[in-house]
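Peer 1: Take a look at the following structure, please.
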Amino acid sequence: MPMSLGNAFIKNFLGKAPDWYKVAIISFLIINPIVFFFVDPFVAGWLLVVEFIFTLAMALKCYPLQPGGLLAIEAIAIGMTSPEQVKHELVANIEVLLLLVFMVAGIYFMKQLLLFIFTKILLGIRSKAILSLAFCFAAAFLSAFLDALTVIAVVISVAVGFYSIYHKVASGKGVSSDHDHTQDDHLAELTRDDLENYRAFLRSLLMHAGVGTALGGVTTMVGEPQNLIIADQASWLFGEFLIRMAPVTLPVFVCGLLTCFAVEKLKVFGYGAELPDNVRHILVEFDKEERKARTNQDVAKLWIQGLIAVWLIVGLALHLAAVGLIGLSVIILATAFTGVIEEHSLGKAFEEALPFTALLAVFFSIVAVIIDQELFKPVIDAVLAVEDKGTQLAMFYVANGLLSMVSDNVFVGTVYINEVKTALVEGIITRDQFDLLAVAINTGTNLPSVATPNGQAAFLFLLTSALAPLIRLSYGKMVIMALPYTIVLALVGLFGIVFLLEPMTTWFYDAGWIAHHVGEATHAVSGGH
C-alpha cells in the first residue's frame, strides 16, 4: 500500500533519525515561543542553549546542523536575537570561519606527507603508553604555535587514512583498489573483533591528541582564538603572555602528560586498547608496498609538501596573515606543485569542513541569543562583586570553566575580558589585579572546557567529522574519555591560580622578566566581542 502524503512528510523530516528524536525536535520548536512570550525570555534563552547541546549530544543520530539550525531560525524569527547580531558574531569570528574553509582543505593536500610521517611513528613505537604520550605531546607542541583546529584536522586526516587502509584489506580488497570504508558488509567475523579493537585504539589516540591541543593551546597567545583577544586587551606580546601563563600552564602540562600515561597503563575510561597484530601486519605491508611503488614523482610531492609544512608553521607562528589565508596559500601551493588541477579533485578537499562551518554559523547564532538575552550576566555580576582578590581569581577561573563547558570558549573569554576591562576603566580593580584576572580568564576558558565537545571547537570538529561514526566516537563517549583529563586539568589549574599565580608573578616582576603595565589597556572590544 502506498504511503499517504502526510506520512511521507513525516518520513522525510530529518530522514533516518529515530521517531523519538523527531518528536523531541518538534516539541522544542513548539515550546520555545510559548516560554519566550508567556513565561520569561531569560528562561527561554537557557532552554534554547540546553536544546542545542542536546542536538550536539545526539550528533550520531542526526547531524546537528539541521535540528540546531531549525531552533536557531525560530529563535531569530520570534525575536530572541536579530539577523544583525548573528552577522556581527560571524564577522567577529571570520578568522575561525576562514580557517575551517581553507586550512582544513589545505591539510587535505598534505595527506601523503602526513601519512608518511605518522605511519613511521605508529609502527616505530611499540608501547601504547609511549605512543599516546607522543601523540599528546606532538598535538600540544603544535597547538602552541598553530591553531588547535588545524592540529585536529591533521590528526583526523591521518586517522581516516589508517582506518581506510585496514578496512580495505579486511574487506578482501587490495591496498590500491577503490573502496568505501563506511560499509562493514564485507568483513569476516574474525576481522570484526580486530576492527572493534582498532576503533578503540584510534579513539584513544584521537582523544589524547584532542586534549593535547588544549594543553598546548592555553600556553601561548596564538594557541586559541580567545588567547589573541585576551592578549590584545592586556597589551601582552608573545613572550610576556607565555611567562604570565606559566605558573598555571606548566604544572597543568606536566600533570596532563602524566594523566595520559596513567589512563593507558591502567586501561580505564575507554583507554588502553592496543594495536591488533593483524592490523599492524597490514599497515607494515602497506608501508612496504608504498616504499616499493614510490616513484620520483611521488618523492618530489613529499618534498614539496615538506616545504609547504615549513611555510605553514613559520607563517602561523609569526602571524604573517590570518590563519585561513595561510590555509588558502597552502591549497594553492600544494595543488600547483603536485599537479592537482581539475575542479572535481579540488572539491573533495572541502567536503570535510564545510558542513562543520555551517554548523559553526548556527552555533554563533545561539551565541547571539546568549548576548541579546544576557544569559551569563548574573554569573558575571556575582563574580565581579566578590571583594577578596584571591577568592575573586578562583571564582573567575571556576565561573569561566563552567560557562566554557556549555558555550564556546572564544565567546566566554571575550565576554569576561570585556567585563573586566570595563571594571578596570571604571577604577573598580587595579591594573595588576586586571593582569592576574586575565590569566584566570584564559586558563579558565581553555582547561575545564575539555569536559564537553561544545567547549572546545577542536573537540566539536572531531565529534562532527566523518571519522567519528567510523570509529564509533559519540558525544557521551567523548565526555567519559575526557573525564580523567577534565578533573586533573581543572583541579591542577585551580591549584595554580590559588597558590602559584600571585607569588610567581611577583617573582617575575622582581626578576625583571615582565614589567608592570601602567594605566588601562586597549579599549574594550565592541558588542559581544
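Each residue's number is its place along the chain shown, starting with 1.
Just so you know, glycine gets a Cβ as well, placed from its N, Cα and C.
Below are the features I grabbed from Swiss-Prot:
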TRANSMEM  13-33  transmembrane segment
TRANSMEM  34-54  transmembrane segment
TRANSMEM  90-110  transmembrane segment
TRANSMEM  113-133  transmembrane segment
TRANSMEM  149-166  transmembrane segment
TRANSMEM  205-225  transmembrane segment
TRANSMEM  241-261  transmembrane segment
TRANSMEM  306-326  transmembrane segment
TRANSMEM  327-347  transmembrane segment
TRANSMEM  351-371  transmembrane segment
TRANSMEM  451-471  transmembrane segment
TRANSMEM  479-499  transmembrane segment
Peer 1: Does the chain bring the transmembrane segment (90-110) near the transmembrane segment (34-54), so that three or more CB pairs sit under 8 Å (pairs 6 or more apart in sequence)?
Peer 2: no
Peer 1: For the transmembrane segment (205-225) against the transmembrane segment (451-471), do we get 3 or more Cβ-Cβ pairs below 8 Å once near-sequence pairs (under 6 apart) are dropped?
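Peer 2: Counting Cβ pairs under 8 Å (6 or more apart in sequence), the transmembrane segment (205-225) reaches the transmembrane segment (451-471), since there are 3 or more.
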Peer 1: Where, among 149-166, 306-326, 351-371, do we find the most CB pairs under 8 A to the transmembrane segment (113-133)?
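Peer 2: Going through each listed stretch, the top one turns out to be 149-166.
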Peer 1: Near the transmembrane segment (306-326), which same-chain residues lie under 8 Å Cβ to Cβ, leaving out any that are not at least 6 residues past its ends?
Peer 2: 95, 97-103, 106, 110, 113, 145-147, 150, 222, 333-334
Peer 1: Same chain, outside the transmembrane segment (149-166) by at least 6, Cβ under 8 Å from its Cβ: which residues?
Peer 2: 96, 99-100, 103-104, 107-108, 110-111, 114-115, 118-119, 122, 135, 139, 142-143, 175, 179, 181, 195, 198, 202, 205-206, 209-210, 212-213, 279, 282-283, 286, 316, 323, 327, 352-353, 457-458, 461-462, 465-467, 470-471
